[in-house]
Structure formats: structure tokens, C-alpha cells
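Novice: I grabbed these lines from TrEMBL:
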type: TRANSMEM; residues: 16-38; note: transmembrane segment
type: TRANSMEM; residues: 58-80; note: transmembrane segment
type: TRANSMEM; residues: 101-120; note: transmembrane segment
type: TRANSMEM; residues: 132-150; note: transmembrane segment
type: TRANSMEM; residues: 171-195; note: transmembrane segment
type: DOMAIN; residues: 226-353; note: domain 'Oxidoreductase molybdopterin-binding'
Amino acid sequence: MKFTSTAHHEKATSRIGLWLGIAFLVCFVTGLVSHAIQHPPSWFFWPSRPVNLYRVTQGLHVVSGVAAIPLLLAKLWSVYPKLFERPLIKSLPHALERGSILVLSGAAFFELVTGILNVGQNYLWSFYFPDAHYAVAWVAVGSILVHIGVKLPIIRRALQRDPLPDASRRAFLRTTWLASGAAVVATAGVTVPFLRDVSVLAWRSNKAPQGVPVNRTAVAAGVVRDPSWTLDVAGKRFTLAELTAMRQTTADLPIACVEGWSQSASWTGVPVVDLLAAAGAGPGVSVKVHSMEQNGLYRTSVLPGAHTRDPLTLLALRCNGEVLDLDHGYPCRIIAPNRPGVLQTKWVNRLEVL
Ligand SMILES: Nc1nc2c(c(=O)[nH]1)N[C@H]1C(S)=C(S)[C@@H](COP(=O)(O)O)O[C@H]1N2
Ligand SMILES: [Mo]
């Protein structure tokens, strides 16, 4: 078989590969950060400031993943004639290279597809998404490194020679950049406020209670309003009236969901540091937050010392000037700066000092 299309050229392939590599690197690093915050190893430290840092890293994760999809398709398109090359295996490095491409394409495809479905909240699978997405990320990165190692001489040569000489090759690359840019613009509005109206595929909107999207509703979580509710802080009980009578703090803080959307809101409530002091616990302790929710993966979270010390870590009673909607965690929820949304526990009834 003979392929003449200019897309099938090492120069175009290397250019796209370079951008794909950058997109994957950004995606991988931001994914690692997110994973470490949710499953912190003992050496890991994540600060509580700047308040929007996690929002930015998670936004980069989604944007680089979305940008990678057209790049991956273009890359596969530009190299597929290689699949028809014979003999199938020429030498050990060649076999390694072939094998790594197979693993690489499979892993990259898996990551992008599961990522996109996760962002769309379409869980079509029975495995637990974060574990699989995390494990396969290492496979993808490992095979990328092998691939780059094996191809380094070609990559060098291809990226060094003079600018792309031929018009149709340039057009192929331009189409790839455009597709990638369009994919980003169409989706980035879920997390970049000024793109919200431009992003036709942005799957979250402002049609939500108090202008903030809801991830898990009270009905889904099996939570109802309970007039006898009290909050237990290190063994000391607080009624809602007592909480409302304490000094309140109002702050603009984002919810940055690991599922890709993020949104800022104005939250009002009692700083956790004040509550701990009122219950006789020192600042800087780790606190386990418990929810009224009976089942569900996200019914508890742990606030590390950096967060319990920060006066912006709130037990929020109000959102955007109104009493917290039941779907946003009434009677109270945690809103802490620079954290994944999944750790912003709703329907809180107990703060346990660890
Ligand atoms: N108790 C409880 N709190 C929870 C959750 C949950 O399932 N149960 N979901 C979390 C997730 S994944 C996110 S992104 C935020 C979303 O908050 P919102 O629904 O008020 O926007 O709540 C978090 N708090
Ligand atoms: Mo979330």
C-alpha cells in the first residue's frame, strides 16, 4: 500500500506529537495534584491559599484533556500507514516501539474517553472511575516516555528542519490546531467564567438553586430537613440558632468539581477555626467532617491543619445572600479555600477532631 498524503509525514507527525505531549504532560501533572489532595500521602502538603489555585489546576486538567482529543485523532491519522508496514517486526527497538504505540494509543484513548464521559457525568462503566483513570494515566505516561525515547532521533530531525515547506501539510496542521482550539472554546466555559456564554457544550449552567450547580441533590443523598438537627463539634453541641448568632464571615470562594465544572459564589458562615475554639480544640488540628447522608462515597472528608487554621474555611449557612438551599447542604456545609468540590461536604452534622 502506498500513502501519498502529506499528513503522513514525520514533520507533521512530530509537530502534533509535541503538542500532544505537552497536553498530556499538563493533564498528567494536574491529575496527580488532584489525586494527591484527595488521597494525601504523608509527605504531601497542599496549602489553603491562593483560594483559586485548585480551580486553576482542575481547569487546566479539563482543558488540556479536551485539547488532546483532536490532537490524538490527528496524530493517529498521520501515522496509521505505519500499521501497514511490513515486516511487522524488524528489530528489538522496533518491536518495543510498536508495542509502546499500541499501549500508548489504547491508554490515551481510554483516558480521554473516560475523562469526557466523567465530565458529562455519564458513568457507562462498572469500575470506579478515579482508580481506573489514575492507574491508566501511569500506563499512558510510561508508554509515552518509551515512545519518545525510541523516536528521539526522528523527532529531533523532524523538528529541526526548516519550516513546513508544503501548503497541504501546513493546512493539515492548521486544521488540527483549529479543531483543538474549537474543542477548548466549546467546553472551557464550565470553568472559565468569561467563556460561559461562548461554550456551547458547557454542560453546567446557572439554572441552579442560588446560581450554583448541584452535584448530588438532597433527594439523591436521602437527606431531609430535620428540625432536631444539631452540630457536634468535638463533643460540644450547637443548635442552628447558636451558629447563626456567632460571628459570621462572608467570602467569595469557588466550588471546583473534579468532574470539571467550577463556579464561585458568596458564602456566609462561621469560620471553622472559631467553632473549634468554642469547643476547646486548638487551631491546626485535622478534622473529619461528617454528613447526615447515610451512604454515598462523599459523606465524609478530612480537613487538614492548613485548612482548619485558615479563617476562610467556613461552615457555611448561607449562599449568595440566602439561607443555604437544601441541595447545597442545608443547614450547613463546609466551604474551604483551594479544595476540590468533592471535599466540600454538605449536610454536615459533626466535626470530629482527629
Ligand atoms: N454529603 C455530601 N457532600 C458533598 C457531595 C456528596 O455527594 N455528599 N458531593 C460533593 C461534590 S462532588 C461537589 S462538586 C460539591 C458540589 O456542591 P453543590 O452541589 O452545592 O454545588 O459537593 C460536595 N459535597
Ligand atoms: Mo464534585
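Using N, Cα and C of the backbone, Cβ positions are placed for all residues, glycine too.
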Novice: Could you break down the residues of the domain 'Oxidoreductase molybdopterin-binding' (226-353) into DSSP helix, strand and coil, giving a count for each?
Specialist: 23 helix, 51 strand, 54 coil
Novice: Six or more residues beyond either end and a Cβ under 8 Å away: which residues meet both conditions relative to the transmembrane segment (132-150)?
Specialist: 21, 24, 28, 31-32, 35, 93, 96-97, 100-101, 103-104, 107-108, 110-111, 114-115, 118, 125
Novice: Could you pull the average pLDDT for the domain 'Oxidoreductase molybdopterin-binding' (226-353)?
Specialist: 96
Novice: For the transmembrane segment (58-80), what are the same-chain contacts with Cβ under 8 Å, counting residues 6+ beyond its ends?
Specialist: 7-9, 12-13, 16-17, 19-20, 23-24, 26-27, 30-31, 34, 101, 105, 108-109, 111-112, 115-116, 119, 172, 175-176, 179-181, 183-184, 187-188, 190-192, 256-258, 260, 262, 340
